[in-house]
Structures are given as C-alpha cells and as structure tokens.
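As annotated by Swiss-Prot, signal peptide applies to 1-27, with the evidence given as sequence analysis. The domain 'EGF-like' annotation in Swiss-Prot covers 35-73 and is backed by sequence analysis. The disulfide bond annotation in Swiss-Prot covers C39-C50, C40-C162, C44-C60, C62-C72, C572-C578, and the record cites similarity to another entry as its basis. What Swiss-Prot lists as N-linked glycosylation site is N71, N107, N147, and the listing cites sequence analysis. Marked as active site, proton acceptor by Swiss-Prot: H210. The feature active site, for cyclooxygenase activity is assigned by Swiss-Prot to Y388, with similarity to another entry given as support. The annotation heme b binding site is assigned in Swiss-Prot to H391 on the grounds of sequence analysis. Swiss-Prot lists S533 with the feature site 'Aspirin-acetylated serine'.
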Amino acid sequence: MSRGSRLHRWPLLLLLLLLLPPPPVLPAEARTPAPVNPCCYYPCQHQGICVRFGLDRYQCDCTRTGYSGPNCTIPELWTWLRNSLRPSPSFLHFLLTHGRWFWEFINATFIRDMLMRLVLTARSNLIPSPPTYNIAHDYISWESFSNVSYYTRVLPSVPQDCPTPMGTKGKKQLPDAQLLGRRFLLRRKFIPDPQGTNLMFAFFAQHFTHQFFKTSGKMGPGFTKALGHGVDLGHIYGDNLDRQYQLRLFKDGKLKYQVLDGEMYPPSVEEAPVLMHYPRGILPQSQMAVGQEVFGLLPGLMLYATLWLREHNRVCDLLKAEHPTWGDEQLFQTARLILIGETIKIVIEEYVQQLSGYFLQLKFDPELLFSAQFQYRNRIAMEFNQLYHWHPLMPDSFWVGSQEYSYEQFLFNTSMLTHYGIEALVDAFSRQSAGRIGGGRNIDHHVLHVAVETIKESRELRLQPFNEYRKRFGMRPYMSFQELTGEKEMAAELEELYGDIDALEFYPGLLLEKCHPNSIFGESMIEIGAPFSLKGLLGNPICSPEYWKPSTFGGEMGFNMVKTATLKKLVCLNTKTCPYVSFRVPDPHQDGGPGVERPSTEL
C-alpha cells in the first residue's frame, strides 16, 4: 500500500470515531461503593479496641478485657462468673435507696468501710489511667499522655469517613441543635428536684467544677486552661502563678481582701489587678477579684468565693499561731493543702451524698485505698465536661427573703452580696429548691443557649453515640426511645429526628433519660458521672500515702481540720451568725426555728 493512500484514510478514521456513541455512564448506585470503615460499626465490645487494616478489615484488641473472639464477646470463665453474680445498676440503686434501718446498722459497723472501698475501686477502675485518647489522637500516643493542654476522652471519636454522623446508624444529618433545645430541653413548668436539692447545692456545683472545667476558647473545645486537671483550687488561687501572685497579700500566707461594713470580702480589681469578666460600665472598684475570672456572673458564685477566701485567711491565722517561725510561703502553701482536703471531704460526704440519695453514708478516708492498686493522678475527660452541664438546676427566679429577683436583676449583681451579707444569702439559697436535672424539659429559657452550645460542641468533638457510652460503663444499651424516656410522646419525636436509638447523642441522652423514682436524674448520669468524680477526688495527691499524714497539713490541728470539715463549718466559722445551711431544703415538718442562729461552740 502506498504512503499516499494511508494518509487519505486517517481523516476517515477520525470521522468514524467522532460519530460513534459515547460509552455508557453507569448510574451512581451501580458503581462499586467505597468500602465503609469497619470501625464505624463499633464492632469491638467490652472495651476492645478496633484497629483498621487495609480498607475493609479490622481487628479487635481484646487484651485484658476478660473476653476473647473476633469482637471480644466470648467471656473467660472468671468474667462469666463475675457477670453472673453482678447485680444490675438499677437493682443496686434500689438497694442503696431503700431500707433506711438496715443502712443505719451498716453505717455503724466495719461493713461501711468495706462497702466504701468496693465502691471506690469499682468506680475508679472504669476510668483509664494513664489517659488514652484526645481530640487529635484516636489511638494511644505520647501526646495524649504528656500534653495536659488537652482534655482526655474515654472513647475515641466517631471515625471521619463513616456513612452517618454517629457511625452507621441514624440519619445522614443530625437534628438542628436549636430544635432539640426547644422541643426537649426548654422548661414548660419548673420541676423541683424530688430529692430536695437546693440552690446552695447548685451554686456549689458551679463554683467547684469551674476549677477544672475551663475550656480554651482560643484553642477549641478539646483543650483546657485548667492544667491541674483536678481539685487544685485554681478557682480560688488562680490557674497560673501570675494570677496567684496578684491575689496574694504576701503577709502571713494570706490572700488580699477588703473590709466592707466590718466583713471580709474579695479585693476589688483595683487592689488585685486580674482579669475578671464583667459587663462594660461596671467600675473596677465594684468588681471583685478572685481566682476564676467568670465568678462575677452570679452572686451565688461570689458567695462561695468569699467563704473560701475567709476560710483560707482563718486557717493561716491558726497555722501562724502553731508555727510562729514559718514564713509567708509555707503558711500559704499549707493552708492551700488544708483547703483542698476540706473541699474533697465536703464533696464526698455531703455533695455526692446528696446527689446519690443513698442511705449508705459515704466516707472520705484515703487510707481505704492504700492496700489497692491506685494511681494518684487525674486527667479531666471531655465526656465529664459535657455531662456536667446541669443547667436544669437553675430556677425560674431567685428569692432572698420576700424579694424576688429575675435573671436580669440577678446576673452580674455586684451589690447583692454586700447588701444582704453572707448569712442572709446562705439562708435564702439553702431554702430554695433547685430543679430536677434528668427527664427533659426543665431548663429555663435564660440558660437554654448553654445546653444548645453543648450539643454543638459534642458534634465538633465527634462523641460516640449515647448507647456506646452506656456499654462502656457497664450498662445495657437501650433498645428504643420509649425505653429511654419512659413515655411515648418524646420518644416518637426523638425517633422521627434521629431515626435510630443507636444514633442518639451523648448529652441529649443523659438529660432525656427517665429518672430513677424520686431521683434527680437517671441511671446513666450516675453510672457515668460517679467514676469520673470519685477518680478525680481520690486521685488527688493529698490522698496518697506520701501526702496523707499530719505533717503535710502543719500537724494534727490541720489534719483534723481536713478530717472534720463540713459545709456548716465552712459557713459558720466564717460568719458572725450561723444561718440554716445545707445542700437540701429544710424539712417543712422540722424547720420551725429561726432563719439565723448563733454559731455552735461544737463547730
């Protein structure tokens, strides 16, 4: 064939190619789907760890879980026996909240110590120590252990490449957070806590937890500014050395203060130039300076700040009398340790006691754990931070005597504390009921936005579904929304929005769960919250064998102050008169006495 004839055929071939129909395009559903990350199914049970291999394979690490098998579901003999004998959380709660006469007998015997040791070890063992994951690392890493700027997390985040926001269950898009707030969390009518919890408790909860819940606004919700990760009283002394120094008097170990109408109060920002969050227009001399920058928000928070300031300076006077050769620094540091001990004592024996509703009398005794394996170190978890948004406690308005204060009148009220005085506010807050936390629809509209932001934050943190946390803390997952809520109306609405009970989010699940009978909240809040709380309290260094001795607290006097601390002592040893003070509203059948009485000499 000649070269010329070949050249003439090329245009013809090109023309034929152009006239051919294009190859058929397969519809999207006919294409080979991308493999789903197998860990999105949460296949590993009983704290097994899911490790992905390749695109569609996984392996469960069942090491030391007590289970074996591909998904850690086959119990070992000892595990099977233990599970067979272990009562359910609901049965244990019933047992601990019924039969008062039986528990009065137990509380008077050595059995109380045995049960308390069992409670502390069983609860604390549910918290991983050292810490495991954080917002940036869903696997064991040195960064997760060493970088205390992160909150830790108990469960890794939902993998990024899952079919739905909560893994594989539920809808492709989560419900609008504002809609959830309005439908399920907004208060219709104030529901008081049936256990009798009061505002003195509610403000203590806020004041106490703000020493270790200090999310970094600059870094994001997975980071904290409270680098002590526990009860270090940073809300009294500041979370850094510069702030501490601004608040200290540098004389006899004391903190700065001002005297108004013969009473000790925190200094003004003029006297202690630290950052405090007050609205514009409030003069510096009207702003009180304390360890936590947000405590000017509520008079109840500044009430506790004032009480602990007075307590610190009172303890310093007692230590100075016992140790006249001690300098300012040693007096300050020892007083701080005593106040840490007093705080933990009050929290365990009165605060947690009130929350639990147990007839078993809880006991703060670090020596109970000296024979057990226990790590005296703590790391605050983002799940604990999420769980502790207890805004249903807040009432519709605030009463002091016969005077009612709206939120607009109460927030940032800088004169109420000095106008009424500590005693009158303690008495008023101790008599006003707080709201029930669980069960839903009990958050006042003034603070609803905080709950909505909590839901949004949990999505940014990619927290696993509520049922996964129930399994992680030894509870049976709920099978339906009706089982969760105990009623039909909310259950049907939740079903419509989420599509599947296994897609329910962590925080809404905690607040919407049906409460135990006559209780402040439901099973999950107790079973998940208690381990975090007790591990954080008993994991404090002062509870260790090296620290728990008289010399740490300046001798037997300081040691006894820790071991005998009560809420009533905190108030009545730092006021001129002794008001009614408790974490529980008074029994109307027993409370016929005056609102304020003289301090007891036994305090």
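Backbone N, Cα and C define each Cβ position, glycine as well.
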Discussion item. Please report the Cα separation of H391 (heme b binding site) and C572 (disulfide bond) in Å, rounded to an integer.
Written reply: 28
Practice prompt. Would you count the other C-beta atoms found within 10 angstroms of the C-beta of C578 (disulfide bond) for me?
Written response: 20
Fill in: Same-chain residue ranges lying at least 6 outside the domain 'EGF-like' (35-73) that approach it to Cβ under 8 Å
79, 82, 158-159, 161-163, 167-168, 464, 468, 471-472
Worksheet entry | Helix, strand and coil counts within the domain 'EGF-like' (35-73) (DSSP) | 4 helix, 12 strand, 23 coil
Worksheet item: Between the recorded positions N71, N107, N147, S533, whose Cβ has more other Cβ atoms within 10 Å than any of the rest?
Response: S533
Worksheet, complete the sentence: Sparsest Cβ environment (other Cβ within 10 Å) among recorded positions H210, H391 belongs to H210
Worksheet item: Cα distance, C60 (disulfide bond) to C50 (disulfide bond), nearest Å?
Response: 5
Worksheet item: Taking each of N107, N147, C162, H210, S533, C578 in turn, which of these recorded positions have a Cα lying within 10 angstroms of the Cα of N71 (N-linked glycosylation site)?
Response: none
Worksheet item: Quick one, of the disulfide-bonded residues C40, C60, C162, which Cβ has the fewest other Cβ within 10 Å?
Response: C162
Worksheet item: If you measure C572 (disulfide bond) to H210 (active site, proton acceptor) at Cα, how many Å is it?
Response: 24
Worksheet item: Could you tell me the C-alpha distance between C40 (disulfide bond) and Y388 (active site, for cyclooxygenase activity) in angstrom, no decimals?
Response: 27
Discussion item. Could you check which of the recorded positions C39, C62, H210, Y388 is the closest Cα neighbour of S533 (site 'Aspirin-acetylated serine')?
Written reply: Y388
Worksheet item: So what's the average pLDDT for the domain 'EGF-like' (35-73)?
Response: 96
Worksheet entry | For C572 (disulfide bond), the number of other Cβ atoms found within 10 Å of its own Cβ | 21
Worksheet, complete the sentence: Listed in sequence order, the disulfide-bonded residues within 10 angstroms (C-alpha to C-alpha) of C39 (disulfide bond) out of C62, C162, C578 are C162
Worksheet item: Should the residue listed as 'active site, proton acceptor' be counted as helix, strand, or coil on the basis of DSSP?
Response: coil
Fill in: Length of the line joining the Cα atoms of C162 (disulfide bond) and C60 (disulfide bond), in Å
18
